[in-house]
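Undergrad: Sharing a structure below in structure tokens format, with a few things to ask.
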Ligand code: GAF
């Protein structure tokens with residue numbers, strides 16, 4: 001039994017005075033490539049981290065939902081399942097409460113529960129701690145109430161909870177990664193039709209390592225910039241007369257951009273953030289990069305994805321404008337120290353970067369990044385290897 005699993009079982013007993021009916025886990029993720037494409041019907045390629053959120057839970061017959069987290073102050077949050085209403089911005093418990101709401105809204109017979117959480121997924125690090133919390137809750141309730149839902153359905157309900165209950169207009173990538181990733185693989189997801197493919201990603205066998213550099217700059221998806229990028233992309237699709245930016249072929253990007261230049265209505269309503277043409281260029285080139293990365297992985301050429309990762313960072317920094325000084329420094333200092341490729345990962349404006357390195361060079365690169373942060377006066381980053389790990393599962 002892992003330390004987190006044991007802590008969750010013991011925490012449940014300490015808080016609720018009995019043993020839990022079961023224990024479940026869901027992981028955080030890093031996204032290898034395909035950033036901000038998931039709300040444009042595009043392609044993504046995340047992998048699950050070994051870091052998990054564990055839920056110890058029991059059903060309750062009285063419609064009361066009690067939530068407690070070993071990592072949060074404030075004691076037990078107690079709610080009635082009948083009274084749950086969308087409550088944008090109301091703290092960590094809104095994520096699991098949103099799951100109960102979404103399941104019930106879908107007409108599923110879910111009642112109360114006692115849940116205690118323990119987590120090793122860093123929060124605010126762009127590693128999807130919220131999706132881990134949502135998906136582990138959905139999986140626990142699925143089992144406790146015998147709902148029989150499959151993983152993709154749980155992921156869609158978790159996204160619905162985050163969109164409609166918590167009020168964050170995220171795409172489907174993080175919830176699908178938490179629910180459907182498998183050990184030793186990256187998950188290729190087409191966010192239009194939700195078809196998936198497990199892509200073998202055995203870094204160790206190739207003498208490679210993927211490092212996560214958590215800049216410790218906290219990012220929040222609910223702060224408006226994410227919604228602004230999403231609205232800009234949707235405006236771009238409307239201006240181009242397509243259902244989503246996914247429908248702009250890479251080969252026709254120049255024509256699409258030229259069309260946008262003649263469309264005054266295609267600029268952001270608020271006048272802030274990047275021009276719509278820059279958002280469009282990022283999405284179209286990023287979808288193409290995902291396909292290029294997949295082609296190289298299918299050909300067994302993992303090292304060859306390095307330059308594509310780095311190109312993805314430049315696009316997020318220059319076109320999508322969601323990087324920050326710390327993420328750029330993590331990428332630049334890792335490349336200068338010999339990394340094969342590096343990019344920010346996740347929503348942006350802080351959070352984490354990932355670095356592809358020869359295993360023999362990984363320690364040196366990590367040290368170089370840490371030194372560069374110190375020299376720039378930034379707080380020390382947290383650096384750890386990303387081993388492609390399992391998705392959500394029942395532990396006991
Ligand atoms: C966040 C969102 F939750 C995802 O849906 C995705 O858009 C990602 O940012 C950017 O690729 O993690």
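Cβ from N, Cα, C; glycine included.
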Undergrad: Among 145, 226, which residue shares the substrate site with 35, 36, 37, 38 according to TrEMBL?
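TA: Substrate site check in TrEMBL: besides 35, 36, 37, 38, the record includes 226 out of 145, 226.
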Undergrad: How many whole Å apart are the CA atoms of residue 226 (substrate binding site) and residue 130 (ATP binding site)?
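TA: Checking the Cα atoms of residue 226 (substrate binding site) and residue 130 (ATP binding site) gives a distance of 15 Å.
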Undergrad: Please report how many Å separate the Cα atom of residue 126 (ATP binding site) from that of residue 37 (substrate binding site), as a whole number.
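TA: Rounded to the nearest whole number, the Cα-Cα distance is 16 Å.
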Undergrad: Out of 35, 38, give me whichever of these binding-site residues has the highest number of other Cβ atoms within 10 Å.
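TA: Compared across 35, 38, the most Cβ atoms within 10 Å surround 35.
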Undergrad: Within its own chain, what residues at least 6 apart in sequence put their Cβ under 8 Å from the Cβ of residue 129 (ATP binding site), listed in sequence order?
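TA: Result: 28, 53, 119, 121, 122, 123.
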Undergrad: Between the Cα atoms of residue 29 (site 'Transition state stabilizer') and residue 127 (ATP binding site), find the distance and write it as a whole number of Å.
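TA: The separation of the Cα atoms works out to 5 Å.
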Undergrad: Take the mean position of the Cβ atoms of 35, 36, 37, 38, 226, the recorded substrate site. Which other residues of that chain put their Cβ within 8 Å of it?
TA: 34, 39, 40, 42, 44, 171, 173, 229, 347
